[in-house]
Every structure is written in C-alpha cells, then in structure tokens.
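S.K.: Pasting a structure below so you can have a look.
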Amino acid sequence: MNYSRIMEKHKQEKVSMPGWKRGVAIVDFVLRLIAAITAMAAAAKMATTEETLPFFTQFLQFSADYTDLPTLSSFVVVNSIVGGYLTLSLPFSIVCILRPLAVPPRLFLVLCDTAMMGLTMIAASASAAIVYLAHNGNSSSNWLPVCQQFGDFCQGTSGAVVASFIAAALLMVLVILSAFALKRST
C-alpha cells in the first residue's frame, strides 16, 4: 500500500515536471535575448565611442578612439562574439521550450554559456581597469587622467563596460538556471 502511494506520487511529479521546465526554458529564452542585446549594445557603444579635441589649430588635434588601446579593441571583438553566440543559441533555447525534458540541448547551452560568461568577464574586467586609469590616472606610472579632457569618450567607454558586466551577470544567471534544470531532471 505504501509502495503504491510512492509510485503514484512519482508519476504525478513526472507529469508536472514538463510544466515548470517549460517555464524555466521560457525564462531562459527571455534572458538569453536580453543578454544578446546587452552584449551587442556594449560592443556597438565601445566601437562608436571617439572624441577629437582641437589643440592650438584645426591642424593639430588630439583624439581618443577605442582602437588606440588593444584592450578596448579586444572588448569589442569579445562582446561581438558573445552577442553573436547568444543570438545563434536562441533556436536551442526554443528547442528547450518545445521539449522541456530534452537534456542534450540544455547541456550544450550550459557548457557554451559558461565559456561565454568567462570571456565576457575577462573582457569587461580588463576594460574596467583601463577605464579606471582613464578616470583616475596613476601617479606612480606618470599616467595622467584623460577623462578631464575627453569626457564624452570616457562616458561612452564606462557605459559599454557596465553593459558588458550586465551581460556577464545575465550569462551567470543562465548558467545557474540551466544547471538547476539539469539537476532536477536526473
């Protein structure tokens, strides 16, 4: 008698399992879409951030561009790759919505999301260090803060770095969400 109740409860859990897994998959899709937009926005903002200041004449000018610093150039490349990956991963997320108990697509997504989260964190952290130096300088290295002169450039790069950290945080939530869904299926 006790055994039959356990089996009945197990059957009910199996029947209700696709419902919450489908909900997790829908949240995964929405977060993936937001993260893709955020990563692409970070790359686009950094790539379009530049400022030119005239010095004494129109012929002598100082300019600040993201291509002046290799760290910021790699930031654009990494965030473009991550945004492209997130866009291309949307069909896998749709498969997880349609087939909530399918393990291979979710496992593929959790592995790739983890790698992309690491890349995003690396690029955002390195760029944050450069933006920090641009804002505050470093007196022991004789680096002067350039944000006093190039305010628009520094504001644009700071915004791009914040957007990249948001994309990394969303990827972290995606990894945790997928890992939780995988754990509950076993």
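Backbone N, Cα and C define each Cβ position, glycine as well.
Remember, it's a predicted structure, so these values are computed and weren't measured experimentally.
Okay, these came from TrEMBL:
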| type | residues | note |
| --- | --- | --- |
| TRANSMEM | 20-44 | transmembrane segment |
| DOMAIN | 22-169 | domain 'Casparian strip membrane protein' |
| TRANSMEM | 72-95 | transmembrane segment |
| TRANSMEM | 107-134 | transmembrane segment |
| TRANSMEM | 160-182 | transmembrane segment |
S.K.: Can you name the far-off residues of the same chain, 6+ from the ends of the transmembrane segment (72-95), with a Cβ under 8 Å from a Cβ of it?
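M.R.: Distant contacts of the transmembrane segment (72-95): 25, 28-29, 32-33, 35-37, 39-40, 42-43, 46-47, 66, 102, 105, 108-109, 112-113, 116, 119-120, 122-124, 126-127, 130, 157, 160-161, 164, 167, 171.
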S.K.: How does the domain 'Casparian strip membrane protein' (22-169) divide up by DSSP, counting helix, then strand, then coil residues?
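M.R.: Going by DSSP assignments, the domain 'Casparian strip membrane protein' (22-169) contains 112 helix, 12 strand, 24 coil.
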S.K.: Please give the sequence-distant neighbours of the transmembrane segment (107-134): residues at least 6 beyond its ends with Cβ less than 8 Å from one of its Cβ atoms.
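M.R.: The answer is 28, 39, 46, 69, 71-72, 74-75, 78-79, 81-82, 85-86, 89, 92-93, 96, 143, 145-147, 150, 153-154, 157-158, 160-161, 164-165, 167-168, 171-172, 174-175, 178-179, 182.
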